Amino acid sequence: MAIIEFPKEMKWGAATAAYQIEGAALEDGRGLSIWDTFSKTPGNVLNGDNGDVACDSYHRYKEDVQIMKELGINVYRFSISWPRIFPAGTGEINQKGLQYYHNLVDELLENGIEPMCTLYHWDLPQALQDQGGWENRKTVDAFADYAEQIFKEFDGKIKKWITINEPWCVSFLSNFIGIHAPGFQNLKLATDISHHLLLAHGKAVARFRDLKVEGSIGYAPNTEWLEPFSSKQEDIDACNRGMGWFIEWFFDPVFKGQYPHFMLEVFDKHGAAPAIQAGDMEIISQKIDFVGINYYTGSVGRYKKDADLFDLEKVDIGYEKTDFDWNIYPEGFYKVLLKIKDQYGDIPVYITENGACYNDEVENGRVKDQGRIDYLKQHLTSLKRAMDSGVQIKGYLAWSLLDNFEWAEGYHKRFGIVHVDFNTLKRTKKDSYYWYKQTVKNGWFDMNY
Ligand SMILES: N=NNCCOCCOc1ccc(-c2cn(C[C@@H]3NC[C@@H](O)[C@H]3O)nn2)cc1
């Protein structure tokens with residue numbers, strides 16, 4: 001027996017995001033987002049997939065809530081589509097958009113499931129992108145106004161709020177690496193956007209406090225672990241720079257009120273230090289109630305001059321990989337959580353995303369996704385190790401409830417514990433759904449079963 005047991009008060013949930021599951025992209029007054037534009041630009045998304053229909057959760061949310069209820073989870077993380085509320089990004093409000101989210105939240109509450117709402121999960125209104133998007137500081141204020149509208153509308157119904165999901169993906173993956181929307185490749189643009197995202201986060205938190213909204217608020221940075229290939233200082237330093245890109249760059253401003261000097265040095269060397277105005281860091285660093293941590297994978301890295309921005313080369317040392325070709329590295333999850341506790345203190349933590357891509361299909365009405373079960377076992381064990389080390393874990397939300405639109409990979413990469421047939425939209429609970437259901441019910445699992 002190898003029992004891994006969790007505290008009774010721990011929250012168990014699942015996570016999704018608007019553009020990835022809703023569909024109804026042109027329905028009920030929704031405005032276009034940058035992902036509507038990006039996905040319909042040939043070559044950007046595998047197989048030319050887009051979010052026009054997705055999982056059709058806009059129409060099937062009641063079915064999805066019943067799937068959650070049977071799963072036994074007590075929290076569900078979803079995101080609100082900004083262009084469904086403000087089709088032009090600002091100005092006129094789309095009442096049908098608000099009504100959809102009231103319907104969803106009411107359905108969740110009626111079924112004993114707590115809503116956790118992400119305000120920004122990458123679907124910027126295209127109208128704002130046309131005015132410069134996140135590079136334009138006016139978008140920061142537009143986000144604060146959007147957030148205020150949602151706070152006022154749902155105060156008392158929604159009590160767990162996340163401002164920005166994975167600001168690293170929104171800034172660097174989307175504006176420097178360029179594989180996500182809007183698809184630019186400019187480091188200075190990306191660092192300015194990373195600053196504006198943190199500013200937007202801070203302004204939304206300020207509105208939340210001013211309005212005295214009931215509940216708690218945080219943000220959800222994505223993390224990865226980089227293990228030095230050797231004990232050579234150059235390997236250690238290279239990995240610290242690589243991790244600093246995800247962790248210190250997005251945590252230090254919020255928790256310490258300044259950017260990490262070792263990262264500023266790197267960006268400055270490339271003429272890409274962000275434009276910071278007086279007062280910005282005070283806005284960014286006001287207190288938050290929790291941090292959402294997204295973790296998927298880690299790698300081994302070593303120093304190699306000019307290998308990338310950080311003179312860092314990732315080394316394949318033969319770890320098992322998921323169908324996304326990401327290392328399965330649960331030790332990194334444990335180490336990331338300890339690093340965050342050690343560097344930023346005892347902030348309450350929700351694991352707002354953790355999961356694996358396995359593309360198992362339905363055979364005779366069943367999806368045998370043992371790889372995903374093994375991944376969840378290993379990473380939940382790392383979570384328990386972190387908890388036993390003093391990390392204040394408040395909840396764990398699996399990514400994802402449903403197979404969905406995995407951005408540039410389209411529908412080809414499946415992260416769900418529920419299979420979706422994207423031709424018929426039929427939902428099929430995978431073996432991992434039943435395993436997770438039992439784990440949520442028991443509050444423990446046996447590594448050997
Ligand atoms: N590390 N250096 N990379 C340099 C080269 O990167 C090339 C590719 O990079 C990445 C990095 C990260 C991701 C990613 C995807 N998800 C899953 C989503 N999370 C939010 C939710 O919507 C999920 O769908 N999380 N992260 C993709 C690609």
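Cβ atoms are placed via backbone N, Cα and C, with glycine included.
Bear in mind that the values here come from a model prediction, so they are computed numbers and not experimental data.
According to TrEMBL, the protein has these features:
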ACT_SITE  Glu166  active site, proton donor
ACT_SITE  Glu353  active site, nucleophile
BINDING   Gln20, His121, Asn165, Tyr296, Trp399, Glu406, Trp407  substrate binding site
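In the three-state DSSP scheme, Trp399 (substrate binding site) falls into the strand class. Long-range Cβ contacts of His121 (substrate binding site) within its own chain (separation 6+, distance under 8 Å): Ala17, Ala18, Tyr19, Gln20, Ser79, Asn165. Other residues of the same chain near the substrate site, with their Cβ within 8 Å of the Cβ centroid of Gln20, His121, Asn165, Tyr296, Trp399, Glu406, Trp407, are Ala17, Trp122, Glu166, Glu353, Ser400, Asn404, Phe415. Using CA atoms as reference points, the recorded positions Tyr296, Glu353, Glu406, Trp407 were checked against Glu166 (active site, proton donor), and the closest is Glu353.
Under the three-state DSSP scheme, Glu353 (active site, nucleophile) falls in the strand class.
Taking the Cβ of Tyr296 (substrate binding site) as centre and 10 Å as the limit, one finds 24 other Cβ atoms among all the protein chains shown.
Spread of the substrate binding residues is 18 Å (greatest Cα-Cα distance among Gln20, His121, Asn165, Tyr296, Trp399, Glu406, Trp407). In sequence order, Gln20, Cys357, His412, Lys413, Arg414, Phe415 are the residues near Glu406 (substrate binding site), counting only same-chain partners six or more apart with C-beta under 8 A. Looking at Trp399 (substrate binding site) and Glu353 (active site, nucleophile), their Cα atoms lie 5 Å from each other.
Neighbours of Asn165 (substrate binding site), defined as other CB atoms within 10 A of its CB across all chains, total 24. Separating the Cα atoms of Tyr296 (substrate binding site) and Glu353 (active site, nucleophile) is a whole-number distance of 8 Å. Under a cutoff of 8 A between CB atoms, and with a sequence separation of 6+ in the same chain, the neighbours of Glu353 (active site, nucleophile) are Ala15, Ala220, Asn222, Gly292, Asn294, Tyr295, Tyr296, Leu397, Trp399, Ser400. Listed in sequence order, the residues of the same chain lying 6 or more apart from Trp407 (substrate binding site) and placing their CB within less than 8 Å of its CB are Gln20, Trp35, Val45, Trp122, His180.
Ranked by how many other Cβ atoms sit within 10 Å of their Cβ, the recorded positions Gln20, Glu166, Trp399 place Trp399 at the bottom.
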